[in-house]
Amino acid sequence: MPESADPRDRLIVALDLPDVEAAERLVARIGDAVTFYKIGYRLAYAGGLDFAARLAKSGKKTFLDLKLHDIGNTVEEGVRSASALGATFLTVHAYPQTMRAAVRGRGSGLKILAVTVLTSYDDADAAEAGYALPVADLVARRAEQAAEIGIDGIVCSAAEAGAVRHRIGPSGLIVTPGIRPAGAEAGDQKRVMTPGQARAAGIDHVVVGRPITGADDPRAVAQRIVAEMEDA
């Protein structure tokens, strides 16, 4: 399992906020307690990509959670554009053609993460979408394909981390959303763990959103999560 020199890097705060101004306020409140931020669709479409570039220039790490999935050339060029923003991580859907294109476009500084199955999905959701395999088997199969193609890491729930690690080896990254501190509500995530449980399961980075962004003291919550992972 890859180790970061800075334990704060293990926590990625999801900036699922309505606009850049709200994101700027949150980042200022958290200060140096957090080094890594995730920007998804909501903020990306509201000026978040320029904000991501500014974060990167200020020394923060950024995770563009855009889940690219398109024809190969479009994905390849999109990945190159993300790399130019100074992003550290970028997500693509774990389809072989998409992953191969992303690897071609990533350059030297960007790491590509494959999204196997959304953590809001359970077996019933997978069946409804037409998949014959249960979620755990689907995640394992896609992780194996990603490793063969040369993807840097996998996004999966903590429940699947052991199976994923077996398939991607010790050097691959595992990034896990659906992380909730003890006592927090699960929200729309169906496969969740606490930060300490996730770290003990071999997770490299955990993604936490509402428990931090909605807290009265987001800096303190972030610090507790980092400490919990260090103690695991």
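Glycine too: its Cβ is placed from the backbone N, Cα and C atoms.
Sequence annotations record features per position, and here Swiss-Prot assigns substrate binding site to D16, K38, 65-74, T119, R180, Q189, 209-210. Other Cβ atoms within 10 Å of the Cβ of K67 (active site, proton donor), summed over all protein chains shown, number 18. In this structure, K67 (active site, proton donor) is part of a beta strand by DSSP.
Marked as active site, proton donor by Swiss-Prot: K67.
Here the Cα atom of T119 (substrate binding site) is found 13 Å from that of K67 (active site, proton donor). Counting every protein chain shown, 18 other Cβ atoms lie within 10 Å of the Cβ of H69 (substrate binding site).
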